[in-house]
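Visitor: Okay, these came from TrEMBL:
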| type | residues | note |
| --- | --- | --- |
| COMPBIAS | 83-101 | compositional bias 'Low complexity' |
| COMPBIAS | 104-120 | compositional bias 'Basic and acidic residues' |
| REGION | 24-53 | region 'Disordered' |
| REGION | 83-120 | region 'Disordered' |
Amino acid sequence: GFLREEGVVWESLHNVDGDSCFCDTDFHLSHAPGKEGATAAPPDSHLQQRQVDQDYMIALSLQQQQGQGPSALSDLELARQLQQEEYQHQHQLQRQQAPAQGRTVERRQRQKPDLDCTLL
C-alpha cells in the first residue's frame with residue numbers, strides 16, 4: 001500500500017482507531033496515503049505534529065538511557081568488534097596452516113629428484 005508513497009516512512013501507532021499519523025524520515029507529518037499534498041491533512045495537524053515530536057523525544061531519551069550502560073554497544077560498534085574477532089580468528093588459522101603447507105611443499109620438492117629416476 002505504501003510502495004508509491006515516498007513521503008511516508010513511519011506510522012504512528014498511538015491508538016487502534018485507524019486515525020494514525022504518517023511521518024517522513026524526519027518525523028514530520030506527511031500527507032495521508034492515497035491523497036495528494038497538504039489538503040489531506042486533518043484539521044488538528046498541529047496537535048498531531050506535537051504528539052509525533054513528543055514521541056520522538058521520548059524515543060531519543062530511551063535510546064540515550066539504554067546507551068549509558070557499561071556493556072551497551074551500538075550496532076556499529078558491535079559489528080566492528082565481531083568483525084575484528086573474525087579477522088583475528090582467520091589470521092590465527094592461516095598462521096597455523098602456513099607451516100603445515102610449507103612442510104608439505106618441502107616433502108614434495110625432496111621427492112621430485114627421486115621421481116626423475118628411470119629404472120632400467
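Cβ coordinates come from backbone N, Cα and C, glycine included.
TrEMBL does not curate its annotations; it predicts them automatically.
Provide an account of the burial state, proximal residues and distances for the features listed.
Guide: Not one residue of the same chain 6+ positions outside the compositional bias 'Low complexity' (83-101) places its C-beta atom under 8 angstroms from a C-beta of that stretch.
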Visitor: Using DSSP, how many residues in the compositional bias 'Low complexity' (83-101) fall into helix, strand and coil?
Guide: 19 helix, 0 strand, 0 coil
